[in-house]
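Student: Pasting the feature list from Swiss-Prot:
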| type | residues | note |
| --- | --- | --- |
| ACT_SITE | Lys87 | active site, schiff-base intermediate with D-ribose 5-phosphate |
| BINDING | Asp30, Gly159, Gly257, Gly278, Ser279 | D-ribose 5-phosphate binding site |
| BINDING | Arg171 | D-glyceraldehyde 3-phosphate binding site |
Amino acid sequence: MDKLKIIMEKGTERLKRGFAKMVKGGVIMDVTNAEQARIAEEAGAVAVMALHKVPADIRKAGGVARMAPVEKIQEIMDAVTIPVMAKCRIGHEAEARILEALGVDMIDESEVLTPADPFFHIYKKKFTAPFVCGARNLGEAVRRIWEGAAMIRTKGEAGTGNIVEAVRHVRLVNENIRLIQRMTDEEIYGVAEKFAEPYLRLAFSVKEISGLPKRVLENEPIYEGFTYREIVEGIYKILLEIKKLGRLPVVNFAAGGVATPADAALMMAMGMDGVFVGSGIFKSSNPPKMARAIVEAVNHWDEPDVLAEISREIGEPMRGQAIEELQVRMEERGV
């Protein structure tokens, strides 16, 4: 890679991460039409996520969940002045290209939609639009960052109104970061090798089908022209940055199961940079009040007296689901 290309890529990554930092400390709300988008903006949302259905309805409908209709996304973009994000399926580069052409402010390569690629996520560095991606653990987070994600969010378990999986993912990432900080650089390189292994799945599957040993050559490309060793080196650099910073090098939001102001405050208390709220707003009994209360909870997460006042007379939250009752675990989608 020539020097000019390296400088341009670094500049693009800086711009993408800069946009993500602009929404830090705020609430991003899922909306399905212009009216909901205006409610979110009036409540103080820093951005909205355009979908055809909120996650709870996607879960209920079943079938294949795809990118929202172009007309719906445009309707939402025309209705508000705050940034508009939209979801594409995991690995569906064509959907992502359409969203980029529409001019959305950020693309969410999301497990809430039905995955399109069973092996890989999109190589996000090929795009000018910034991406946000979900992660259950540090390995998933680092892989997405290496691919070019400008923002990470917990996966949680979308559409359930149950915060437990988001808490699990935050704790797993935070504890793994603390472990990385206690490791030597040599030990961290071993972690990078482990974290890079999912990129080998396609190559190993093809070798197995062909009756060949499950191994790759040193110069054998396995993903977007990169060899396994090149991917390891890239992940290793990110892990060293994490060791130095004591956190992810990109903005890190909570998502998946946030249904009340208390849920939002809990996520902020656990070190999150902000909160995505999917079904929790528009599946509650009073969306405008719930939206305002969750925004206030993120702003005052460390003030219990204020949180108590915020939580008064906001109506009923969305009906929650126990994780054990779920037939589909969206959080398990992706690699």
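Including glycine, each Cβ sits where the backbone N, Cα and C put it.
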Student: State the Cα to Cα distance, in Å, between the residue listed as 'active site, schiff-base intermediate with D-ribose 5-phosphate' and Ser279 (D-ribose 5-phosphate binding site), rounded to an integer.
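Tutor: Given the Cα positions, the residue listed as 'active site, schiff-base intermediate with D-ribose 5-phosphate' is 15 Å from Ser279 (D-ribose 5-phosphate binding site).
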Student: Could you list the residues of the same chain, at least six apart in sequence, whose Cβ is under 8 A from the Cβ of the residue listed as 'D-glyceraldehyde 3-phosphate binding site'?
Tutor: Met270
Student: Within 10 Å of the Cβ of Gly278 (D-ribose 5-phosphate binding site), how many other Cβ atoms can you find? Include all protein chains, please.
Tutor: 28
Student: Which one, from the binding-site residues Gly159, Gly257, has the smallest tally of other C-beta atoms lying within 10 Å of its C-beta?
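Tutor: It is Gly159 that, of the binding-site residues Gly159, Gly257, has the fewest other Cβ atoms within 10 Å.
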Student: What is the Cβ neighbour count of Asp30 (D-ribose 5-phosphate binding site) at a 10 Å cut-off, with all protein chains included?
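Tutor: By my count, 29.
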Student: Within 10 Å of the Cβ of Lys87 (active site, schiff-base intermediate with D-ribose 5-phosphate), how many other Cβ atoms can you find? Include all protein chains, please.
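Tutor: Around Lys87 (active site, schiff-base intermediate with D-ribose 5-phosphate), other Cβ atoms within 10 Å: 30.
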Student: Is Gly159 (D-ribose 5-phosphate binding site) helix, strand or coil when read with DSSP?
Tutor: coil
